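The annotation Mg(2+) binding site is assigned in Swiss-Prot to 85, 87, 89. Under the heading Zn(2+) binding site, Swiss-Prot lists 86, 102, 109.
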């Protein structure tokens with residue numbers, strides 16, 4: 001017996017406003033301090049995987065593939081909550097970050113180049 005692959009809950013999918021290439025920006029924040037860690041991109045499947053496993057899963061625009069944060073680096077994100085903004089076009093993913101969130105190894109992607 002072969003069923004169709006799991007899909008994102010239709011009620012959630014209907015509320016998402018995606019970019020033309022089917023993506024939604026995800027702001028990632030440390031759940032207990034409010035520190036903004038990074039911005040990543042999700043499509044319906046990345047969001048479904050994140051909600052199902054509580055392991056932060058994103059779509060890599062440069063590599064054209066899914067990636068689970070920390071799968072190779074060990075710098076994991078355990079998802080505590082996911083919220084949709086009032087317009088339905090941005091996700092807020094609150095996580096418990098282990099290690100650095102940035103690909104450079106820094107704690108956050110927003111601490112290297114302060115403009116003001």
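Heads up, the Cβ atoms here are built off N, Cα and C, so glycines get one too.
Feature map: annotations from Swiss-Prot on the structure.
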residue: 85; record: Mg(2+) binding site; Cβ neighbours (10 Å): 13
residue: 86; record: Zn(2+) binding site; Cβ neighbours (10 Å): 6
residue: 87; record: Mg(2+) binding site; Cβ neighbours (10 Å): 8
residue: 89; record: Mg(2+) binding site; Cβ neighbours (10 Å): 14
residue: 102; record: Zn(2+) binding site; Cβ neighbours (10 Å): 16
residue: 109; record: Zn(2+) binding site; Cβ neighbours (10 Å): 18
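Rounded to the nearest whole angstrom, the C-alpha distance between residue 85 (Mg(2+) binding site) and residue 109 (Zn(2+) binding site) is 21.
DSSP assigns residue 89 (Mg(2+) binding site) to coil, not to a helix or a strand.
Looking at residue 87 (Mg(2+) binding site) and residue 109 (Zn(2+) binding site), their Cα atoms lie 25 Å from each other.
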